[in-house]
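Peer 1: Structure provided below as structure tokens; questions to follow.
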Amino acid sequence: MTTIVSVRRNNQVVIAGDGQVSLGNTVMKGNARKVRRLYHNKVLAGFAGGTADAFTLFERFESKLEMHQGHLMRAAVEMAKDWRSDRVLRKLEALLAVADTECSLIITGNGDVVQPENDLIAIGSGGNFAQAAATALLENTDLSAKEIAEKSLTIAGDICVFTNQFKTIEELNY
């Protein structure tokens, strides 16, 4: 699987992800980009789960963003509706973490949209490790959102065998 983490602090939101693609217990690729910018570089998105499934979700989500003029919450809710009713989407095994300058969301494999209370998202096999590290850093340091995302991803990569140290980090400042 992978680890994706999103942190929001001091007018900055970041989504970061590692680059490992695994097939069973074998590492197939170490430098995959699982974090992207969407909708005229105004929305960040990261995925955890099956790579082919995630690319399908990226395409569908980007079309929803276009349809709703970049309104993240509306696009996410519409995507979730499709996910629940579309037979192809229901079989996709992936999670999306998405963020813009106003909100951060998780779109789950069940078609749920979750807005975390503290604007911290961590998904994937190393998500719990990254979330614990990011929470501690948010509560006990003055590090930037980017620094927290990077450090928490490093910690997750040190612990989780399905997460490596190759990082893709995207940020929005507002």
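Using N, Cα and C of the backbone, Cβ positions are placed for all residues, glycine too.
What you see is a predicted model, and the numbers here were worked out from it, not measured in a lab.
Take a look at what Swiss-Prot says about it:
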ACT_SITE  THR2  active site
BINDING   GLY157, CYS160, THR163  Na(+) binding site
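Describe the structural context of these features.
Peer 2: The Cβ of THR2 (active site) lies under 8 Å from the Cβ of GLY17, ASP18, GLN20, VAL21, LYS34, PHE47, ALA48, GLY49, GLY124, SER125, GLY126, PHE162, THR163, each of which sits 6+ residues away along the same chain.
In the three-state DSSP classification, CYS160 (Na(+) binding site) falls within coil.
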Peer 1: Look up THR2 (active site) in the DSSP assignment and reduce it to helix, strand or coil.
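Peer 2: Where THR2 (active site) sits, the three-state DSSP reduction gives coil.
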Peer 1: Neighbours of the Na(+) site GLY157, CYS160, THR163: Cβ within 8 Å of the Cβ centroid, same chain, sequence order.
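Peer 2: Nearby residues not in the site list: THR3, ASP18, GLN20, SER125, GLY126, PHE129, LEU153, ALA156, ASP158, ILE159, VAL161, PHE162, ASN164, GLN165.
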